[in-house]
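Colleague: Here it is, the structure in full.
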Amino acid sequence: MSAGRGLRMSMVEAGTALAFALAGTAAIGDSLRIGTGWGADGPQSGTFPFWIGVILVAASAGTLLQAVRARAESGLFASWGQLRLVASVLVPTALYVAAIPFTGIYLASAALVAWFMHRLGGFGWARSMAAGLGVAVTCFLVFEVWFLVQLPKGPLESLLGY
Amino acid sequence: MEELGLLMQGFAVVMEPQNLLLMLVGIALGVLIGVLPGLGGANGIAILLPLTFAMPPVSAIIMLSCIYWGALFGGAITSILFNIPGEPWSVATTFDGYPMAQQGKAAEALTAAFTSSFVGAFIAIVMITFIAPVIAGFALRFGPPEFFAVMFLSFASFIGMSKGPALKTLSAMMLGFLLAAVGMDTVTGQLRMTFGSTEMIRGFDFLVAVIGLFGISEILCSIEDGLRFKGERAKIDARVVLKVWASLPKHWWLALRSSLIGCWMGITPAGATPASFMSYGVARRMSKHGASFGKGRIEGVIAPETAAHAAGTSALLPMLTLGVPGSPTAAVLLGGLIMWGLQPGPMLFVEQKDFVWGLIASMYLGNVVGLIVVLVAVPWFAAILRVPFSIIAAIILVVCAIGAFTVSNAEFDITLMLIFGVVGYVLKKLDYPLAPLVLALVLGDRTEEAFRQSLLISQGSLRVFFSNWLVSSIMAMGFALLLWPVVSWVVERINAHRSGTGAVVPREA
């Protein structure tokens, strides 16, 4: 079933189930802190999340058990090549999100579009930058001017008087 | 026939020039969203929702629901021409639609798909027109225990009816409930699960989650298969349309059956996607030409499209009458109602007649307009997919980021959106259903509130959920659905045991 090498399905399956169980445990812990019983004004704040957490831990324990039992015949979650492609989108996007507080959304968006076109689409730098600029200006006109929605802006926009 | 009078008033609302314009804009945007990978009905509406705050609610819901109809229509275009389902509910349309396009019958397939979408939606709207007021009137008598029971029933039906592993459905749902509980408890003012972070006090906005889970994750999933779209070309002319329309009446029974499957699956929150698969499966089994399905039969296009559109439309019935949405997109619309200051639930039919009937009237008109728009404009919409993926993907990422930010003007939400995107990518690949997660996130607070109010009434006794025949029967149905996977697992085991070494027992005759 597994063509080529890559991340195994059972590993990701088990990791995800563990993460779910961890979230459930955190919920149980926090609920116990604030009380899961009957308070002066009805059920305490922790009651509902406590039971949700218990069900989540139980369900993910079951999923984990199934994943462990089926680990021999599990295929690939994704091949290394596929994961590289995913990373080629995910890493620039993460940088984009991280840059927004500093550069504002317009400059970062122009850079993202230009980078995608140049690196993934194989376009020349001139055309990529022009397209990036075009997208940023269009967004600016649509949101700031037409819909009057304020988006995050950076030093460049304040230099231009916005 | 009071409904007809109210419906006519609704039409008067819709016919205002401003609303007609918004309807056209909504349909066009919706088809665009349906065609683009990574933008779907749910997250497309989530992105545009913040832009509608300044509008009157009825205009806003007309535009947003028309985006929904447009997206339902648009999904078929990419399935048939490119073999890429633009929406999950059009996966089944690719089975016969794409082979038809390869045989040069793309125009026939598209016409059949659009027309049967329209038929499915129309039957669902007629049903909503006459059944919704009855259900709403009935639900006016509901108290907190009954509302909790209804929500319990709809969440239980996810577990009972979903094709995926029941434990994963349960996990995804519980995660949604937990995320909904994060932040300030509205009853006591207590902070919950913020773990000392100030960003978490606001809680998780479901719109941000929807944009990440359905938008970003979709981009990540489609990049795996490379960066190119290969597609067939199509232009629809009037002759083909008339020829296909002339051939459609003989499939009336197929269309009616598919619509009924769709309506049923749409009201119970199973949604459009399973409805389209189920309808396709039933059509193949009942057909005399079952073996040639998958090689380009027109019935294989009609069945899933009718059911998907019927389900997508009827998902609004429980949303309007009970405040329990039947699909992720309906859930986003429900979130819209709350933001516009309307209280979802049966009181809408009493207090907001203009809103409700304006919406219902806009469904009739919107689907007619939608049918015309897609028939005329197919080549232009298909041309969008010839734009290289590197450009489309980047623009969609930018639009998603802007959408996530505008929900509550918070830069932190953009980071959250990205996290939800990665989570959605992993969950999707592992077969965790995302719809229950989103519905639990939307309904979490109201479910909990109904639960706590019920317990207050009964001084903490759980017997309140079985205190009268109404609430008991809803709860009993919920438990039956909840236990369904266990029962079928046991039955399978017994059957496997009987037939010796656990051989697969053929269930179909």
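From the backbone N, Cα and C atoms, a Cβ is placed for every residue, glycine too.
Model, not experiment: these values are computed from the prediction.
According to TrEMBL, the protein carries these features:
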type	residues	note
TRANSMEM	B:20-49	transmembrane segment
DOMAIN	B:20-439	domain 'DUF112'
TRANSMEM	B:61-82	transmembrane segment
TRANSMEM	B:118-140	transmembrane segment
TRANSMEM	B:147-164	transmembrane segment
TRANSMEM	B:170-188	transmembrane segment
TRANSMEM	B:200-220	transmembrane segment
TRANSMEM	B:322-343	transmembrane segment
TRANSMEM	B:355-382	transmembrane segment
TRANSMEM	B:389-408	transmembrane segment
TRANSMEM	B:464-487	transmembrane segment
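So that I understand the layout, could you describe where these features sit and how close they are to other parts?
Modeller: Residues 6-7, 9-11, 13-14, 19, 23-24, 26-28, 30-32, 35, 57-58, 61-62, 65-66, 69-70, 73-74, 77, 81-82, 110-111, 114-115, 117-118, 121-122, 125, 128-129, 132, 231, 233-236, 241, 313, 316, 320, 342, 348-349 of the same chain, all 6+ positions outside the transmembrane segment (B:355-382), place their C-beta atoms under 8 angstroms from a C-beta of that stretch.
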Colleague: Please identify the stretch among B:118-140, B:200-220, B:322-343, B:389-408 with the greatest number of Cβ pairs below 8 Å relative to the transmembrane segment (B:147-164).
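Modeller: It is B:322-343 that shares the most Cβ pairs under 8 Å with the transmembrane segment (B:147-164).
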Colleague: May I ask which of the stretches B:118-140, B:200-220, B:322-343 has the most CB pairs under 8 A with the transmembrane segment (B:20-49)?
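Modeller: Highest pair count goes to B:200-220.
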Colleague: Which residues of the chain, 6 or more past the ends of the transmembrane segment (B:389-408), have a CB below 8 A from one of its CBs?
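Modeller: For the transmembrane segment (B:389-408), the far contacts come to 36-39, 43, 46-51, 202, 205, 207-208, 211-212, 215-216, 219, 222-223, 227-229, 414, 416-417.
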Colleague: Which sequence-distant residues neighbour the transmembrane segment (B:61-82)? Criterion: at least 6 residues beyond either end, Cβ under 8 Å.
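Modeller: Same-chain residues near the transmembrane segment (B:61-82) but 6 or more away: 14, 19, 22-23, 25-35, 37, 40-41, 44-45, 48-49, 52, 55, 89-91, 93-94, 97-98, 100-101, 106, 109-110, 113-114, 117, 121, 229-234, 272, 301, 305, 308-309, 312-313, 316, 329, 333, 336-337, 340, 355, 358-359, 362-363, 366-367, 369-371, 373-374, 378, 381-382, 385.
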Colleague: Go through B:118-140, B:200-220, B:322-343, B:464-487 and flag the stretch with the largest number of C-beta pairs under 8 Å relative to the transmembrane segment (B:170-188).
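Modeller: Going through each listed stretch, the top one turns out to be B:200-220.
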Colleague: Mean pLDDT for the domain 'DUF112' (B:20-439), as a whole number?
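Modeller: When the pLDDT values over the domain 'DUF112' (B:20-439) are averaged, the result is 84.
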Colleague: Sequence-remote contacts (6 or more beyond its ends) of the transmembrane segment (B:464-487), Cβ cut-off under 8 Å?
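Modeller: For the transmembrane segment (B:464-487), the nonlocal Cβ contacts are 141, 145-146, 148-150, 152-153, 155-157, 159-161, 166, 454-455, 457-458.
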